[in-house]
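Step one of this worksheet: look at the structure below.
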Amino acid sequence: MNPSWPRQGLYAITPDDTDTARLLARVQVVLEAGAAWLQYRNKAADAALRDAQARELLPLCRRHDVPLIINDDWRLAAAIGADGAHLGEDDGEVAVARASLPAGALLGASCYADLDLARKAAAAGADYIAFGAFFPSPTKPNARRATPQLLRDSAALGLPRVAIGGITPDNAPALIDAGADLLAVISGVFDAPDPAIAVHQYLTGFRRSDSQLPPHARTSA
Ligand SMILES: Cc1ncc(COP(=O)(O)OP(=O)(O)O)c(N)n1
Ligand SMILES: Cc1ncsc1CCOP(=O)(O)O
Ligand SMILES: [Mg+2]
């Protein structure tokens, strides 16, 4: 994983928007407000639209120095030169993606509520491990549920830990305090009345947690 990418912050994930101009405008607001990473995820788009939208998001992300990670499809990530891919249990083997993507690509794996899956993902070369859903998710109501203890228990793996699922500015601090490095959010950002304000609210959660650390350990020192 490129060392210049932040290892903490808001990991915005795109909503299912098939209007490409609108999607780009919505993402631009969120990147300008300070999202650290962007995942392109669109369950409403067919393969051609996903290809087109991902290609259009790439220069936008580059302008903001934000890595673009493609959900589900490491081949699409490789084909368009995106910065990485996120794989769940139905999206192929982490080891195959690792071996196929260029060196430095950012590869993430869903580990749901399963520490053993996280160990296996780490051994297969994942750059980050994702747990959740931590709270009821408006986007994925049937997602398996995880508890914050999993974030503590996975610290020893030494990889950035991503939390996902129903995360709001109000419940985010509990996950940050439990060790989440990145908060992956769809509805809490993109369905907020003002997405830029929502981004700032999530980032306040990190600063609040940061200020409780000794000065040498603060990301904002
Ligand atoms: C950061 C992050 N974590 C988890 C997921 C979920 O991946 P998956 O289980 O493959 O489910 P879908 O997103 O494909 O519905 C994710 N996308 N991103
Ligand atoms: C993809 C995914 N995997 C678990 S919950 C979820 C959706 C997250 O969206 P939201 O932030 O709206 O709950
Ligand atoms: Mg998936």
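Any Cβ shown, glycine's included, is placed from N, Cα and C.
Note that the coordinates shown come from a computational prediction; the quantities given were computed from them, not determined experimentally.
Annotated features, as they stand in TrEMBL:
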- 10-189: domain 'Thiamine phosphate synthase/TenI' (DOMAIN)
- Q39, Y40, R41, N42, K43, N71, S110, K140: 4-amino-2-methyl-5-(diphosphooxymethyl)pyrimidine binding site (BINDING)
- D72, D91: Mg(2+) binding site (BINDING)
Distance [Cα-Cα, Å, rounded] between R41 (4-amino-2-methyl-5-(diphosphooxymethyl)pyrimidine binding site) and D72 (Mg(2+) binding site): 8
Where the C-beta lies under 6 angstroms from ligand 1, the matching binding-site residues among Y40, N42, D72, S110: D72, S110
Residue among binding-site residues D72, D91 with least C-beta crowding, 10 angstrom cut-off: D91
DSSP state at Y40 (4-amino-2-methyl-5-(diphosphooxymethyl)pyrimidine binding site), helix/strand/coil: strand
Cβ under 6 Å from ligand 2: qualifying binding-site residues of Y40, R41, K140: K140
Binding-site residues near ligand 3 among Q39, Y40, N42 (Cβ under 6 Å): none
Largest separation between Cα atoms (Å) of residues that the record links to 4-amino-2-methyl-5-(diphosphooxymethyl)pyrimidine, namely Q39, Y40, R41, N42, K43, N71, S110, K140: 17
Least surrounded among the binding-site residues, given as R41, K43, K140, when other CB atoms within 10 Å are counted: K43
Cα separation, D91 (Mg(2+) binding site) to N42 (4-amino-2-methyl-5-(diphosphooxymethyl)pyrimidine binding site) (Å, whole number): 14
Spatial neighbours of D91 (Mg(2+) binding site) among the binding-site residues Q39, Y40, K43, N71, K140 [C-alpha, 10 Å]: N71
Least surrounded among the binding-site residues, given as Q39, N42, N71, S110, when other CB atoms within 10 Å are counted: N42
Number of Cβ atoms other than its own within 10 Å, given for Y40 (4-amino-2-methyl-5-(diphosphooxymethyl)pyrimidine binding site): 29
Secondary structure at S110 (4-amino-2-methyl-5-(diphosphooxymethyl)pyrimidine binding site), reduced by DSSP to three states: strand
